[in-house]
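Going by TrEMBL, these are the annotated features:
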type	residues	note
SIGNAL	1-19	signal peptide
TRANSMEM	213-236	transmembrane segment
TRANSMEM	281-303	transmembrane segment
TRANSMEM	315-340	transmembrane segment
TRANSMEM	352-377	transmembrane segment
TRANSMEM	383-405	transmembrane segment
TRANSMEM	435-462	transmembrane segment
TRANSMEM	474-501	transmembrane segment
TRANSMEM	513-532	transmembrane segment
TRANSMEM	544-567	transmembrane segment
Amino acid sequence: MFFAFQFLTSFIICSYFLACPILAKYQENDSVILWVNKAGPYVNPQETYSYYSLPYCRPGDGYHKQGGLGEVLGGNALIDSRIDIKFKRDVEKRSICELKLDASNITRFKYAIDNSYWFEFFMDDLPIWGFVGEVYPDRVGDNKHVVYTHKMIQIQYNRDQIISVNLTQDIPKPLEEGRTLDMTYSVKWFPTSISYEQRYNVYLHYYFFENEIHWFSVINSIMMVVFLTGLVSMILMHTLRNDYAKYAREIDDMETLERDVIEESGWKLVHGDVFRPPQNLALLSAVVGTGAQLATLVLLVILSAYFGKMYMRRGAIITTFIVCYALTSFISGYVSGGVYSRNAGENWMKSMVLTASLFPFLCFGIGFIINTIAIYYGSIAAIPFGTIIVVFVIWAFISFPLSLLGTVVRRNWSGTPDNPCRVKNIPRPIPEKKWYLRPCVISLVGGLLPFASIFIEMYYIFASFWTYMVHYYVYGFLLLVFIVLIIVTVCVTIVGTYYLLNAENYHWQWTSFFSAASTALYVYLYAIYYYHAKTSMSGVLQTSFYFGYTLMFCLGVGILCGAVGYLGSNLFIRRIFGNIKCD
């Protein structure tokens, strides 16, 4: 009941309070603010700087918009451009300022043009993009850098609401030292019948996300689940049924007993060791608990994004992720406490602290390195110190206590371990088996099928995150793929665990975890391929952002899949050993 209540509460908070767009309505002649945001090389999406890092005219009293937590973490810093725009009032051509070019300004403009710098504006939460300038060949064949000096803003409105904004740039002027550029703008308003709820449709790339390949990949993944679950069920049920019959057969004479002792092998022989506590129990409990929390978190965020249309607000996904992570921390402590208590753990304080802090501190370590590099390069993507303090306070006063509470509750409810088979005092020696039955091989092979079920969706996710002007919105696809991933991971891990036990190796706990967690290894290898084959990224800043955030993402995927694999294998083992007569 508590899990259901917490899930429902978290879902309501994340999908309503964080995801619902704020409806802005205007009266005729009301001021409409044009916010300038950031600029950077087109090929490096995360290498972003303040718009006024370029030598454009900057108003002395430009107001900085106070963004939310997710907006700041997403690298946004909006500044009022002070360009005079009135609702439904056209502007033919008006001067913004006069910009005198000196050697420093020309150098900065040329660098921006050579590196295909783009910039981003916002009006009524609608993004607007444009390029700084371009290179024109002159009459003698030499390349000449020009910068656009006129911005034409076309705005569509429906009654008292803004529906779309389009920016067209014109009047290119060559960069010549001592020249004064008249920076101008114009505004044109057009009525439209498009509703406010549909105004973001123009930013959604239907041809990219909802094509036949995407549909085929999802259907293929579902068919893989049907085939794999059927195959696993058929093989395991047939094999286990024979094993149960053989194990439960009554012994009538000494000859039959001797023959059975000689022939007896496989998973039944390790019943006295299969529930032996694994090494590094506190660490295993922590990662399993964290993985269970991440699985719940991903489900919450996907549902919130699907129903709340989070692509309509800057930073909504990041804010939802952080808030929901804090609210679901009870689950990590509860599941971790269950694993620790079933294995008769004694150092509860170590288990609780590891569960509450392991994943956040790993992410903090990676983020600290990335943020240091961003600060060194002066990027707007650097996280301010105040925002870091806010995230730490959320963890320290919400996430950490809830995780500890979950562990304490589970410890008091669990009681003594209730394993189906008693653990023997002397560990059974593990015989040598063929190379493909070794835990390391099973762990590496185990992640192949889960990765195969999601790698097409990985392409769309990577393309959305590491490309400009592409918003991921197909959360229905993502939900199906996530469910497929969970089912495939459980099935593959159960098969791997069964063959490991059949090889008389009872060290299944960490093997089942790494067998599923190895999915993250293949995701990271795919990320390396994507970086070299699908992008033109370069530079220390962008490379560190790409591989740093990808590493953080893969850590989450590995812990999530590993926890799902462990919990599935644990349920399978308790089920099969609960149906035999243990000594």
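The backbone N, Cα and C atoms fix where each Cβ goes, glycine too.
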Counting only residues 6+ away from its ends, which parts of the chain sit with a Cβ under 8 Å from the transmembrane segment (281-303)?
7, 10-11, 14-15, 317, 320-321, 324-325, 328-329, 331-337, 339-340, 343, 345, 347, 350-351, 354-355, 358-359, 403, 406, 475, 478-479, 482, 486, 509-510, 513, 556, 559-564, 566-567
Do we see three or more Cβ pairs under 8 Å linking the transmembrane segment (383-405) and the transmembrane segment (352-377), pairs being at least 6 apart in sequence?
yes
Ranked by Cβ pairs within a distance under 8 Å of the transmembrane segment (213-236), the first of 352-377, 435-462, 474-501, 513-532 is 474-501
To the transmembrane segment (474-501), which of 315-340, 352-377, 435-462, 513-532 is linked by the most Cβ pairs under 8 Å?
435-462
Cβ-Cβ under 8 Å with the transmembrane segment (435-462): same-chain residues at least 6 beyond its ends
208-209, 213-214, 217-218, 221, 224-225, 228, 472, 474, 477-478, 481, 484-485, 488-489, 492-493, 496, 499-500, 503, 505, 507, 510-511, 514-523, 526-527, 530, 534, 561, 565
At a C-beta cut-off of under 8 Å, are there same-chain residues at least 6 beyond the transmembrane segment (513-532) that contact it? List them, or none.
284, 287-288, 439, 442-448, 450-451, 454-455, 458-459, 462, 466, 485, 489, 492-493, 496-497, 546-547, 550-551, 553-555, 557-559, 561-566
